[in-house]
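The structure under discussion appears below in the form of structure tokens.
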Amino acid sequence: MDPMLVVIAVLAVLALAGGLWLVSGRRRGRVPPEVSPHKPLDREEALPTARPEEAGAGTESPGEAPEAGERAGGAVATLERPESIPGRMQRLRARLAGSGGFGKAILSVLSRGDLSESDWEEIEDTLLTSDLGVEVTMELMDGLRTQAKVLGTSDPEAIRGVLRSGLLELVDPTMDRSLNLARPAAAESADLPAGAEPAAAILMVGVNGTGKTTTCGKLARVLVAQDRTVVMGAADTFRAAAAEQLSTWGRRVGVEVVRSEREGADPASVAFDAVRKAADQNADVVLIDTAGRLQNKAGLMDELGKIKRVMGKIAPVGEILLVLDATTGQNGMRQAQVFSEAVGVTGIVLTKLDGTAKGGIVVTVQRELGVPVKLVGLGEGADDLAPFDPEGFVDALLA
Ligand SMILES: Nc1nc2c(ncn2[C@@H]2O[C@H](COP(=O)(O)OP(=O)(O)OP(=O)(O)O)[C@@H](O)[C@H]2O)c(=O)[nH]1
Ligand SMILES: [Mg+2]
């Protein structure tokens with residue numbers, strides 16, 4: 001055989017092998033299309049993707065981007081120390097009592113002693129205005145009337161006891177209200193570096209203005225107060241101000257915030273980057289803030305499903321908190337149902353309970369969804385968030 005031909009054949013084989021190796025090497029290093037968090041899907045097809053290096057997405061820690069005046073002589077200002085949980089419970093009890101104007105109104109009727117039919121109607125009206133809903137009110141009224149017949153209404157203390165146990169039963173102390181902070185096993189597609197473990201992931205969802213970002217910030221503080229390491233993800237890419245709002249919360253307690261500088265970036269991509277970052281850092285918890293959305297916007301509801309799915313490429317999302325504004329009352333119920341169907345809500349955060357006397361909403365929302373109220377927002381202050389405690393709540397209502 002012509003030696004020249006042999007040389008050409010060998011070179012051709014080598015070139016082919018080299019080419020194949022490069023391709024498979026690229027494949028190895030690349031996330032397959034269906035699992036790529038950066039690939040825009042569905043209606044986002046037209047939107048630019050949000051790879052951190054392309055879109056200016058990045059993380060911000062307190063040391064990297066301090067606010068003006070935050071540095072003194074090159075040192076980062078001291079971080080805030082969030083209030084301990086028992087401390088805040090004590091402080092917030094009075095505000096919780098405010099959400100139960102109805103409890104006191106009923107007690108005052110009961111204290112009249114022998115109740116006339118119009119007294120009973122007054123109790124019924126009061127319960128109805130507390131957002132307990134008609135069905136629950138009727139149930140509670142039946143119980144009260146029956147007990148009143150047995151005990152006689154001349155003993156207001158006894159009736160108060162009946163009201164307390166009736167309300168407590170409605171609020172249901174048997175529900176598990178703990179946040180799921182167990183670290184999940186990594187998904188097969190996670191491809192994490194050795195030693196990295198996914199963090200417990202919490203996704204915050206809800207309609208506009210209910211308090212999602214504020215709750216993310218407050219919850220980060222609760223977790224920091226418990227000595228947990230936290231990463232937050234600003235998956236509200238709708239407005240640049242939203243990421244800044246979350247970053248401000250993070251900065252105050254030294255929690256890193258993963259964000260995209262570009263408005264309209266794919267929120268699922270930012271959520272993925274945050275979950276990935278949390279795993280790489282072995283953080284305990286990753287909190288993902290999302291943009292407010294109306295439940296009747298199907299495309300936006302699908303987007304939430306996508307965020308959850310893409311986060312699941314690292315590990316399953318353990319907690320999906322629906323943030324509901326307590327002052328919207330029964331209107332919140334429809335929202336709650338649609339969000340629940342779209343992403344499977346695991347817990348409710350009832351915010352602005354300090355601004356309403358309609359604490360009955362706690363009962364209604366739990367009944368409608370079969371999901372417990374886990375946290376309550378009781379003010380605009382940084383530590384005005386508390387775990388929901390049924391006994392404390394009912395006692396505050398009847399204090
Ligand atoms: N009084 C009171 N105000 C609250 C509470 N939680 C949140 N807020 C206020 O509600 C307003 C909206 O809060 P955000 O956290 O920005 O709400 P959001 O759901 O993130 O809003 P979007 O991202 O626009 O959908 C802010 O002024 C908060 O201070 C609460 O528990 N009590
Ligand atoms: Mg927000």
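Using N, Cα and C of the backbone, Cβ positions are placed for all residues, glycine too.
The structure displayed is predicted, hence computed values, not measured ones.
Quick look at what TrEMBL annotates:
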- 206-213, 289-293, 351-354: GTP binding site (BINDING)
- 36-54: compositional bias 'Basic and acidic residues' (COMPBIAS)
- 372-385: domain 'SRP54-type proteins GTP-binding' (DOMAIN)
- 28-83: region 'Disordered' (REGION)
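In terms of DSSP helix, strand and coil, the domain 'SRP54-type proteins GTP-binding' (372-385) has 0 helix, 6 strand, 8 coil. Listed in sequence order, the residues of the same chain lying 6 or more apart from ARG293 (GTP binding site) and placing their CB within less than 8 Å of its CB are VAL207, ASN208, LEU300, MET301, GLU303, LEU304.
Same-chain residues at least 6 positions away in sequence with a Cβ under 8 Å from that of GLY209 (GTP binding site) are, in sequence order, GLY292, ASP325. Per-residue pLDDT, averaged along the domain 'SRP54-type proteins GTP-binding' (372-385), amounts to 96 for this model. The local packing around THR290 (GTP binding site), expressed as other Cβ atoms within 10 Å of its Cβ over all shown chains, amounts to 30.
Counted within 10 Å of its Cβ, the other Cβ atoms near LYS212 (GTP binding site) come to 27, all protein chains included. Taken in sequence order, the binding-site residues GLY209, LYS212, THR290, LEU353 that lie near ligand 2, meaning a CB under 6 Å from one of its atoms, are LYS212. DSSP assigns LYS212 (GTP binding site) to a helix in the three-state reduction. If you take the C-beta of LEU353 (GTP binding site) and look for same-chain residues 6 or more apart in sequence within under 8 angstroms, you find ARG95, LEU96, SER99, ALA326, GLY359, VAL376, GLY377, LEU378.
DSSP classifies LEU353 (GTP binding site) as helix under the three-state reduction. THR290 (GTP binding site) falls within a strand segment according to DSSP.
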